[in-house]
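This report refers to the structure that appears directly beneath it.
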Amino acid sequence: MRVFAFGCVLLIIVSTLVVVGKGEVYIVTVEGEPIISYAGGIDGFQATAVESDESIDTMSELVISYGNHLEKKHDMLLGMVFEQGTYRKLYSYRHLLNGFAVHISPEQAETLRRTPGVKSVERDWKVRRLTTHTPQFLGLPTGVWPTGGGFDRAGEDIVIGMIDSGIYPHHPSFATHNTEPYGPAPKYRGKCEVDPDTKRNYCNGKIVGAQHFAQAAIAAGAFNPSVDFASPLDGDGHGSHTASIAAGNNGIPVRMRGHEFGKASGMAPRARIAVYKALYRLFGGFVADVVAAIDQAVYDGVDILSLSIGPNGPPAATKSTFLNPFDATLLGAVKAGVFVAQAAGNGGPFPKTLVSYSPWIASVAAAIDDRRYKNHLILGNGKILAGIGLSPSTQLNETYTLVAANDVLLDSSVTRYNPTDCQRPELLNKNLIKGNILLCGYSFNFFAGTASIKKASETAKALGAVGFVLCVENTSSGKIFDPVPVGLPGILITDVSNSKELVDYYNITTARDWTGRVKSFKGTGKIGDGLMPILHKSAPQVALFSARGPNIKDFSFQEADLLKPDILAPGSLIWAAWCPNGTDEPNYVGEGFAMISGTSMAAPHIAGIAALIKQKHPHWSPAAIKSALMTTSTTLDRAGNPLLAQLTSETEAIKFVKATPFDYGSGHVDPTAALDPGLIFDAGYEDYLGFLCTTPGIDIHEIRNYTHTPCNNTMGKPSNLNTPSITISHLVGTQVVIRTVTNVAEEETYAITARMDPAIAIEVNPPAVTVKAGASSKFTVTLTVRSVTGSYSFGQVLMKGSRGHKVRVPVVVNGYPR
């Protein structure tokens, strides 16, 4: 969706008045450590730094005192550089970054850049949204929930922070009246805002925190309180949808249009939800607000962060994808022990379209699960035309006359309203439509969001039609059409050739006079039942829209020695909670549930599953949780065949190709296996600094600006970062990669094997290793260019344990000549 202590110096006061219309929001970092990494050294303020994977003690007087000190320093700096009234500070960042967001003119920003003690000044940029059956598909009810005491204990006491568009707290997915009462969340210290109208707060035990962040949006003139709501209330549905995927209550009936489509459940139905609203329905959001939300969430004590957002584009000043206020704040979150799941992006199927880059983040790609909805239209000549439509059928043994909207206009002058898309019943002749099937055109307005299938259904019903058909007569390459639930029999004919066949049949059977006016409608048809899903063994598959690798290290699109995405999770046609005033999807306005697609839906699946792992293994680091998810994932579908990925073909149809790690990362998540991975590849803050310091092209001063730490190059190469994947984007000759595994189970002996595409030779050493419980062991992977192909080669390292554990590590290498 649209998403990222000063020394004693002499300062010259600048008297520049802000012209509000020309002001912009800037994110400024300054000298001095944030709370998470302050090691002491300032008189009167003791150290507040945390060890890697350790949470901030929010109740500590030391933390509170030092935080106040930083905020005063921010205010003092601004007050010394600018006259009062010429700027507006929006936020002080104290916990994960040391800096602030401020609304100033571009000229004032230049002044700040030249001011001693200021490390970076970045113009704010926008983020966007990266817009149930899946618990059963993932095996949670039988394989995972029982290990934690059943669904009514799954995720107990784990707090998932949702950085999104808010929440609709009255939805049954978040209700507490049918669940065992919640006690206080043991470590969470967040607050609940009060609804400005009802004076009720948004929390109920299930929802433990609810705050909104909009200062940057307000300063930019984008915020409209009557539409966006100056509260945590969800203004578009997206936030309620993602929150219920991660942690919605179990067994909530999904009812729409008189039909129950099944029961909805979150991945961790007993987990708590902490809401940090920083996205809004019309404009998405601003990085300054998102950074403030993340900073607050970590300070409040969340265990997991779910981000279904990504930047609209690169930041204005930063060159590296890994170093900007957004990614640097998330690095601080991970240092504080918070696991971060982020949507990979919806720019697929094209390469290098990811918007989630950094190794400390779990970047989640989207899969199609095993459920498909199909429908059909049977014409009077016996032809059966396939389509989609979540609707009941017309009466079984009856056929009905087909009437095109174009031929039943009340007045020919109304053509300027594009009446063929059936959005305005007042333009059409009810007497000619009543009792018949109405044929409509799927115009550009549907793609633009100004027309909807829901409205076409309402038009047909208002005019007395027994059903309706929408015909797609031309489309862009690879356009995906999602089925929409409607109460009236209805179908969308998505294949252009089928639409042509329908139009041809209609024209042949419709008699007209010399002016083209219809004399009689003779074409007939009937609509099938589209309510029941068809379950496919070919699932999962990588969704067409899911962003693809390779990962990039800078905004010149230079490739990184780091695999992204990390993992694949369900993200297509996901049923979940919606809010009645939600407008993100025009087909679900006023509804309680919505079935939508996007990596936005995939990320909260991983956030919820991570909560279940955190519940079972409360002391695991974010890297350990991510490793467990990745090494136990699968690259096979339900039928045992290699995963496929959707791709567009030359004929504009969608085709399927064998997927690669650039499509799915390590593979599709397997929650049951992830609870007991056997071995983990652990990493912490110092390791991530080593990755940054050894990545060619990253400015060491930029690293120090954001991490307050000098570079240490002992890692040697970025490919030595201890991740559960191996990527070398530019291999010349031979390179040896080192990995360390830690046994989180009982003592076990692992046989280590490797395979690779022929262009790259691979060798592992040692061939077997015995690892005691809690102990660690190293192995090396030697990679050598055999032949230069001009493209990446793929392979894997497989570790098979004597107690049945399997650990799989994807290997991705691009060989170059010497």
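Each Cβ is built from the backbone N, Cα and C atoms, and glycine gets one as well.
TrEMBL entries are annotated by machine, without manual review.
TrEMBL lists Asp164, His238, Ser600 with the feature active site, charge relay system. Feature annotation from TrEMBL assigns domain 'Inhibitor I9' to 67-128. Under the heading domain 'Peptidase S8/S53', TrEMBL lists 155-639. Summarising the annotation, TrEMBL assigns domain 'Subtilisin-like protease fibronectin type-III' to 720-813. What TrEMBL records for 1-23 is signal peptide.
The domain 'Subtilisin-like protease fibronectin type-III' (720-813) scores a mean pLDDT of 96 in the predicted structure.
Taking the Cα atom of each, Asp164 (active site, charge relay system) and His238 (active site, charge relay system) are about 7 angstrom apart. Per DSSP, the domain 'Inhibitor I9' (67-128) is made up of 23 helix, 22 strand, 17 coil. For the pair Ser600 (active site, charge relay system) and His238 (active site, charge relay system), the C-alpha distance works out to 9 angstrom.
Each residue of the domain 'Subtilisin-like protease fibronectin type-III' (720-813) gets a DSSP state, and the totals for helix, strand and coil are 1 helix, 64 strand, 29 coil.
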